[in-house]
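The signal peptide annotation in TrEMBL covers 1-20. Summarising the annotation, TrEMBL assigns domain 'Reelin' to 15-173. The domain 'DOMON' annotation in TrEMBL covers 192-307, 414-534. Annotation comment: TrEMBL describes 538-742 as domain 'Cytochrome b561'. Per TrEMBL, the feature transmembrane segment maps to 579-598, 619-639, 645-667, 688-710, 722-742, 792-813.
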Amino acid sequence: MLRIYVSVFVFSVIIQSVCSYPTGAPNSACTHVTPEARHYKSTAGNVNPFFLKFSKHYYSHGDKIQVTLSGGQFNGFLIVARKTTDDAKNVGTFTDLPSEAKLTCDPTTGRGVTQTNANPKNSVTVNWVAPTDTTDDIVFKYSVVLDIASNYFANLNSTILRYASPLQGKFYKDSECGRSRGCYSNCLHDICDLETSWQDKGDNIEISLTAVLNNDGYVSLGFSNASLMGPATVYYCTLNNGSVSVIPGLTFGHRHTESNLSTSGISNEVSNYTDGILKCRFTVQKESSDPALFNLTDPWYLNAAKGPIQGDSLRFHGRIDRNVTSYRVNLSDVLTDEYFQPAVTSTAATSQTTSSATRATMTTLTNAATLTDTALTATALTASTKSSVVTPSGADAECGSTKGCFDNCNNGKCDLFVSWISKGEQIEFSLNTTTGHNGDYYLAVGFSETGKMGKASVVACTVNQDSIIDVYVSYNDDAYNNKQMKDLKTAVKLISGSYKDGVLQCTFTRVASIANNSYFFDLNEPWYFITARGPATLGGEIQLHDSKYMSQSQIEFRVARSYSLEVTKYPLIKAHGCLMVIAWMLLASIGLGFARFLKPLWPSSMPCGVKVWFAMHRAFMVLAFLCGCAGFIIIFIQVKEYSTIVGAFYTKAHPILGIITTALLVINPFMSLLRCAPDNPRRPYFNWAHRAAGTISHILATIAITVGLYLPKSQVDNDAGLAIMIVYSAWHLCFFLIMSLLNDLKVNIIKRDTSSKKGNTYSLNHLDQADGAEPGGIKQAPVVPNAGLRQCLMFLHVCVLAALTGALLYYVIQGNV
């Protein structure tokens, strides 16, 4: 019998340890929001896939807010709400619970919620009523028990729910946007100046139009075949002398037509004008009986606008109050939550962000609404303004604890800082970089499986010449071509941005994933993280980057860690640049100088049976040939094919210039092997061809090197490199002019001598032998005028070339990193 009792006892202990609390967490677990250690096994250190999603990102006193726990399959949970200033007291009450949830943590007050059974669940949605005695920010703490083995994630934090006081001159976004209603608005942080929404009602569409109006006016939603206002079917919510009504209309050529269309197709109208907010909600037939009105079963571009009314006439809304979607919208799609991207600009005097701007015709136009200081302060949603110096991640206390970060800091100096925070189904990114650029510019983040820019999902933050900030989604294909994906515009949302003192700052959210879209990478999985920055075009199309950085390993964006950025290095490209600089700036320049200006010198010296000038010319040109060919081979090893370069027109010319230059470099020495004898009548043709090939290749090489400095992968300080090339070209030109003048002076002297001394018949042909071999029969060496000066100038030329070549090699090798 004792054995039976022991067996029963052991079995009960095992059952308790396995099943723990199948009907919910006890009150004792509420303090630390952590399951009891004796019943559960912590998964600390693992990636947490679970998150809480709210129906609203702000609360007012007494608001009822839906809270949804999801992220994977789980058996048990515990959720409480607390003020960010008080981690000990639970606030608010949970109500209207589903069957799988019940109250805990003092059930009489409804301060916490937990499961009612241990059945597997994929998500749970509960309702939480906000407290009426606080204006503090609220954070929800939660724990999740995964399975029957009692593995758990404990004491997790949600995104912050902020308090929003009643607004003056603004209204809050419809919480059903993207859930049961499709929306198109200019809402920033869920605070709106104009909002249009719709809901499929079978044979009808329910439309809601809301806008801030201080005087008589209208808010409208139009449906058109193109991203223009006409021709379009338009529904207007009008305010005229205190009367609110809904009327249909047509636009042609950007003008409203007073068409007296029938309103019989409009029903269930509910309209009002309160506290400066005009709102109309009504139902229209998808297929109107009026043939002039478009069929709403088809997808259309949406045009939202507001404007004034004078008398009984609708007046032009103005460009900044007219907004158009960048793609056709199917009104049956309730998941649409497009907004007039609030392009944010920085004001030097106040450093505040605004939402007043216009955007390119091909994208949506921004309305003129500007969030007031009162609204921003009341909602605690003001974007923080940082200093003009990019902050290193080590200076941000949240890096590695609540947010992931990395930067390119070196010895405390930074010009790039990126951070991200996991927020439920979204990831919030904050980008900061110095641009050194007054025109259109971008900073892009890319997600890549291999660490290369090919096959990468990209989000770019851009600033234009008017300091307007915007974000765009794009994709890099295998060939590194960037393709903007306008149909995914709603996948990212600009939160704040500024451009001041050469620093671009941008904060946006990106949905973690989109089902069945292979071009929009799932951030629930790890990826190599790449950042690139460079010039952009109007409309957000990014050009070839100025610089690029990448993570040293794949990054999990659901995990808060600090990473160091590693600049992408290209040793073969640097080797190519160094060899070409040595070949053309130093060796070829010296070799050409000997052949062009020093032939008459050292007439009695015959090293290896040839004249000194020829020996030097041949030696330097052979070295230039070897360096040039090696550099040409190395660059093809790097790129493996003809390099297609995007960017400025002159950078695109670099590959073809390099190929032509190398071709002439190879042809010229073989051409010299075919030269005819000095007294051959065709010899002058050879001389000109040989000299032309050498001179043209030298000029093209100089241009190619200068252009190459502006290729991002060269990683050269553009200003320093260009200055060196300008000095090099100027010196080369001066040297050639001076030596040419001395050459002309030598010719005149010799001509004068030969005309006065008929017996001395040695001529310029003897002085300018192209072959370098000493002709027979000459017993007396001529006296070369200014020989000492020529040698001094040549020595100075070699020194200057060596110094300039060394300086450029320094910048090429070191780069600007």
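Just so it is clear, glycine is given a Cβ too, placed from its N, Cα and C backbone atoms.
Looking at 15-173, 414-534, 538-742, the range that has the most CB pairs within less than 8 A of the domain 'DOMON' (192-307) turns out to be 15-173. The domain 'DOMON' (192-307): residue composition by secondary structure is 0 helix, 74 strand, 42 coil, according to DSSP. In the predicted model, the domain 'DOMON' (414-534) shows an average pLDDT of 82. For the domain 'DOMON' (414-534), the DSSP-based tally of helix, strand and coil residues reads 6 helix, 71 strand, 44 coil.
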